[in-house]
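Working notes, structure below.
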Amino acid sequence: MAGQEPKAKSQQLRAVRGTRDILPPESALWNFVEAAARDVFRAYNFHEIRTPILEDLGLFQRAVGEETDVVGKEMFAWEDRARAESEKGQMLALRPENTAGVVRAYIEHKLWERPGLTKVFYIGPQFRRERPQKGRYRQFFQIGAEVIGPPANGSESAAVDAELLELLATFLDRLGISGWTLELNSIGCASDRARFNDALKQALSGVVEKMCVDCKRRAVTNPLRVFDCKVPADQPIIETLPKIADYLDEPCRAHFAAVRELLDAMSVAYTLNPRLVRGLDYYTRTAFEFIPRSGTLGAQNAILGGGRYDGLSESLGGPHAPGIGFAIGEDRLVMSLTESADAVAVKPDAYIAPLGSGMNKEAAKLARELRHHDAVIEMGDEGFKLKKSIETAVKLGARYVIIVGENEVKAGAFAVKRLDSGEQQNVPRAELAGFLTRPTR
Ligand code: AMP
């Protein structure tokens, strides 16, 4: 209402803590990343999947594990309104990651009945109630991919792991993110992990008293998670613990060797990180993270992570369907780009300046013609002075201003002003679209 005092700051409506608006021109960087991702996925024959943001809480409890921070501490979950008074409402959750939803969909729609392997990608928001800071949000975006299928279709093959890792390397290179490191490990299969867990428990029993409260709890509930610990004082102790690599059985050892051999053959560089265990319970064998070199991300330096999850489908009631996937943190990826938003933002090819009354109609007709030829057009208004139109066009980064006045319409040719040089020429209507979309020298 006119004259009303602006609301006190505390009353202003704001984006919820840990969520944010992605505004132009920054959104151009997001478009740039997503377009590159779609191009790369197409070349590797991945197809898009869109699963719901809302899932049954039980899906994440089973797929990700209640002991993980993601499910145990960071979920946005609630009881939905019951359909009848006698019933309990369904427990719902905002997805904290997308692999669980993809595997649920794989089972629900029997995707194994389709030919070959299921190779899907997704781009979308995920939700975790983490303490927000630079690069860490409560709503963040992931670009991810999954390959799942029956073993008879090759889903267990090391070639699948290598293809996915090489795809990632190609994608990061395409975005101009140089100097990344691929950190690689194998965490073996369930039986390796059982033996490793025993050894770990034993090793921890002597040292856990000196560790943080989380590690004390993990030592009892899920010792492997001790490797997720970020507490500096615990790190020297963690260094002394056994390594999973020493507990792999022969098939897992051979699988890991084959992955490495394929990466070597394709000249995809990696470093082995025996402490890399990943935060989620369903991983088996190959586990990986890509770490960017540049310091743009501060403490939140992992751009992406992923790994194999050969037992996940069965643990959700599906068939034996080994799989592997990754999730890239899109927010962090965008932060680590060297490209500027301005360089990738779409700018108008031309700004149409209608001059004089009745010219908005002519401008609209011309804009329609030119846009049909893929020119990017912004328009002024017949009420604007030419000076104002030109100033606005310059601010918007347009390449040309097209003057639409009564004389031009009658003559069937328009005065076109090139904004960087100030050069002006008359261009016949029929040639205008071609003229505008030609690159300027
Ligand atoms: P994860 O599903 O935990 O393996 O995460 C995969 C990637 O998602 C990480 O490497 C991060 O880049 C990104 N990520 C995870 N949590 C967040 C968050 N709270 N805010 C922004 N990015 C995140």
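Placement of Cβ uses the backbone N, Cα and C atoms for every residue, glycine included.
Please treat TrEMBL annotations as automatic predictions, because they have not gone through curation.
As written in TrEMBL, here are the features:
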type	residues	note
BINDING	GLU97, ASN98, THR99, ARG128, GLN142, GLU146, ARG278, TYR282, TYR283	L-histidine binding site
DOMAIN	9-348	domain 'Aminoacyl-transfer RNA synthetases class-II family profile'
Kindly assign TYR283 (L-histidine binding site) to one of the three DSSP-derived states: helix, strand or coil. coil
Under 6 Å from ligand 1 by Cβ, which binding-site residues from GLU97, THR99, TYR283? GLU97
Which state, by DSSP, holds GLU97 (L-histidine binding site): helix, strand or coil? coil
Any idea what the model's mean pLDDT is for the domain 'Aminoacyl-transfer RNA synthetases class-II family profile' (9-348)? 92
Tell me, how many other CB atoms lie within 10 A of the CB of GLN142 (L-histidine binding site), whichever protein chain they belong to? 21
Let me check the 10 A CB neighbour count of THR99 (L-histidine binding site). How many other CB atoms are there? 29
Name the residues of the same chain, 6+ apart in sequence, whose Cβ is under 8 Å from the Cβ of TYR283 (L-histidine binding site)? ILE187, VAL277, GLY307, ARG308, TYR309
